[in-house]
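Since the structure comes first, as structure tokens, the remarks are kept for the end.
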Amino acid sequence: YILYDVNWGWLMRVLHFNGASFFFVFMYFHVFKGFFYGSYRMVLVWMVGVVMMLVFMGVGFMGYVLVNAQMSYWAAVVITSLMTVIPWFGVNLVYFIWGGYSVVSLTIKFFFVLHFLLPWFCVILIMLHLMFLHYTGSSSLLFCFGNCDKISFFPYYWLKDLLGVLVVIFLCMFSCFMPFILGDV
């Protein structure tokens with residue numbers, strides 16, 4: 001739909017799935033940085049981060065399986081089978097979510113709804129992650145504690161912002177010149 005009926009729809013689609021792919025790359029870098037610096041000792045921050053990562057993976061998986069109907073029906077069958085094996089309430093969960101074991105068009109619409117609603121849940125988890133990080137403190141990689149805002153125009157900040165802008169420009173160029181290199185199209 002978005003490829004043919006929306007102006008510049010191909011660009012929106014390409015930026016969406018390439019941005020999601022790079023988001024996961026940066027998220028894995030963030031997790032490995034947390035392992036390296038021992039941030040896992042801040043239990044509340046780490047647990048919210050783990051839940052956030054699992055929810056992001058669920059959103060990404062639903063976005064991946066919504067590309068065409070055949071893959072979506074296959075994925076719905078797989079997800080139904082996976083939910084069935086959850087002890088004690090797996091079968092009830094399958095009936096609650098889409099009314100039984102038959103995978104129909106309603107299932108695909110439900111995946112679309114979840115793919116658009118779960119990112120808002122992720123925003124709440126990000127706020128919790130930052131709140132617990134503010135509460136427990138962080139392992140400072142700059143080794144400047146408390147008074148780093150008193151240093152006038154510390155070069156780290158503008159270099160960090162410049163690096164972010166360069167990464168965004170690179171990702172946009174990547175998405176425009178080689179749009180399907182990260183996909184299976």
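Backbone N, Cα and C atoms are what each Cβ position is placed from, and that goes for glycine too.
Quick look at what TrEMBL lists:
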DOMAIN    1-142  domain 'Cytochrome b/b6 N-terminal region profile'
TRANSMEM  12-31  transmembrane segment
TRANSMEM  43-67  transmembrane segment
TRANSMEM  73-98  transmembrane segment
TRANSMEM  110-132  transmembrane segment
TRANSMEM  162-182  transmembrane segment
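Stretch with the most C-beta contacts under 8 angstroms to the transmembrane segment (162-182), considering only 12-31, 43-67, 73-98, 110-132: 12-31. The average per-residue pLDDT of the prediction over the domain 'Cytochrome b/b6 N-terminal region profile' (1-142) is 80, rounded to a whole number. Tertiary proximity for the transmembrane segment (110-132) is limited to same-chain residues at least six positions away from its ends with a CB under 8 Å from its CB atoms, namely 42, 44-45, 48-49, 51-52, 55-56, 58-59, 62-63, 65-66, 72, 75-76, 97-98.
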